Structure formats: C-alpha cells, structure tokens
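Trainee: Input: one structure, supplied below.
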C-alpha cells in the first residue's frame with residue numbers, strides 16, 4: 001500500500017501586493033542616512049539660516065543669537081529635534097532594522113552573526129523621548145512664529161513659494177509631534193479605569209486620547225513626511241542664501 005508523503009516544512013507566503021522585507025530597511029538607510037549627512041553639512045559649515053523673512057527650521061529659534069554666539073549657530077537648537085526624532089518609538093524600529101539588522105523585519109531570520117547576540121534595543125537615550133517632547137513643542141511654537149513672519153514682506157502681506165513651504169513644514173511637524181506615542185501616553189497615562197464614564201458620558205480626556213490614538217496610527221507617515229519637509233525647507237532657504245535660485249512671489 002502506498003503511503004502518503006509527509007509535507008515538508010512550509011515556507012512563509014508573502015501576501016499579495018507586499019514588497020520584500022528588505023525594501024523598508026533599504027529605504028531607511030538611504031533616506032535617514034542622507035538626512036543625517038545633509039544635517040551635518042548644514043550644521044558644521046553654515047552659521048546663518050535666514051533669508052529676508054524666511055528662517056530655516058535648522059536655525060529656529062535663534063538661540064545662538066540670544067547669547068551672541070557666531071559659530072555653529074544651528075547646533076544650539078538642532079539637538080532638540082534630533083534627540084526627539086531619533087529617540088522616537090517609530091524611528092527606533094526603523095533604524096534598528098536598517099542599520100543593525102536586529103531584527104531586519106517581522107518573521108525574518110537574523111544574520112548568523114547576530115543570532116547569539118543579546119537584544120540591546122533599549123538604550124537610555126531612547127527613554128529621553130518623553131522629555132524631548134516638551135522641548136520639541138517649544139521649538140514648534142517658534143516654527144509657527146516663523147510661518148507668520150514668512151507671509152510678511154517689506155510691502156505688507158504676501159505669499160512666496162518659501163511661505164508655502166514653511167507653512168507645510170509646520171503643519172507636518174505639528175502632526176508628527178502630536179501623533180507621537182509620548183503625547184498619547186501623556187493624555188492617557190496613569191489612569192486605573194480610563195474608559196470609565198463620568199455621569200454616564202465619556203470623559204473629555206478619554207475622547208481626546210481616542211483622537212490622538214487615531215492620529216497615532218499614521219505616526220510613521222507623519223514622521224517621514226515631516227522629515228522630508230524639514231529637508232526641503234532648509235534646502236530651499238539655503239539655495240536662496242547662496243543665490244542659486246530666487247524666491248517665487250505668488251502675490
């Protein structure tokens with residue numbers, strides 16, 4: 001009598017429409033690595049980020065000017081968004097997968113050289129995120145001030161391409177900051193019965209937490225969009241300062 005053959009070990013089936021697991025880490029290496037290299041070039045080799053009424057997000061607020069410093073002026077403020085962004089829970093996942101391959105993705109085997117290595121994902125710097133959030137909000141307030149300034153020209157109110165770029169950048173950074181896990185925890189943390197009602201109605205705090213949770217689901221999209229908007233805003237103003245391009249006045 002013929003015996004039924006035993007099925008071999010099954011292989012993971014890639015869902016239809018899904019990209020290979022290595023695409024996301026590769027994108028992170030190129031995008032995040034490129035942004036870091038550009039940021040170093042901007043911070044170390046330029047001491048001004050202001051073109052008329054436009055202020056680069058790398059140089060706002062002008063902390064160096066408050067104290068009369070004239071070297072590495074961006075360094076006095078850029079460390080705040082740097083710590084906030086690179087201690088972000090979303091970015092932690094991205095750069096651990098991309099730069100350390102620990103792990104490269106869900107249900108993906110690690111390289112043999114990594115398999116006996118203990119997990120060291122939780123560094124102390126990562127826990128600075130909840131504290132950096134408060135500083136990031138302060139910086140965000142100054143960025144909105146810069147947006148208002150970007151629409152005020154010597155002859156009064158006007159709109160330039162730089163005005164639009166800085167406005168979009170501030171909107172995206174606001175979305176990134178307030179869809180953050182740290183803000184969600186600030187709104188909904190330290191409650192024994194968070195969904196309990198007050199006089200038969202959901203509390204204002206619960207409703208706010210629910211809205212933040214909905215925004216948090218798109219935190220990764222806010223993270224990348226705001227990263228590129230900062231990059232574009234600074235590059236646009238840098239090219240204006242260098243005289244490579246001219247601002248386009250819409251009216």
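Just so you know, glycine gets a Cβ as well, placed from its N, Cα and C.
Keep in mind the model is a prediction, meaning the values are calculated, not measured.
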Trainee: What range among 21-41, 42-62 does TrEMBL record as transmembrane segment?
Mentor: 21-41
Trainee: With TrEMBL as the source, which of 63-84, 85-106 is set down as transmembrane segment?
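Mentor: Checked against TrEMBL: transmembrane segment maps to 63-84.
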Trainee: Quickly jot the same-chain residues contacting the transmembrane segment (159-178) by Cβ under 8 Å, restricted to those at least six beyond its ends, or write none.
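Mentor: The answer is 51, 54-55, 57, 133, 136-137, 140, 143-144, 146-147, 150-151, 153, 212, 215, 219, 222-223, 225-226, 229-230, 232-233, 236-237, 240, 247-251.
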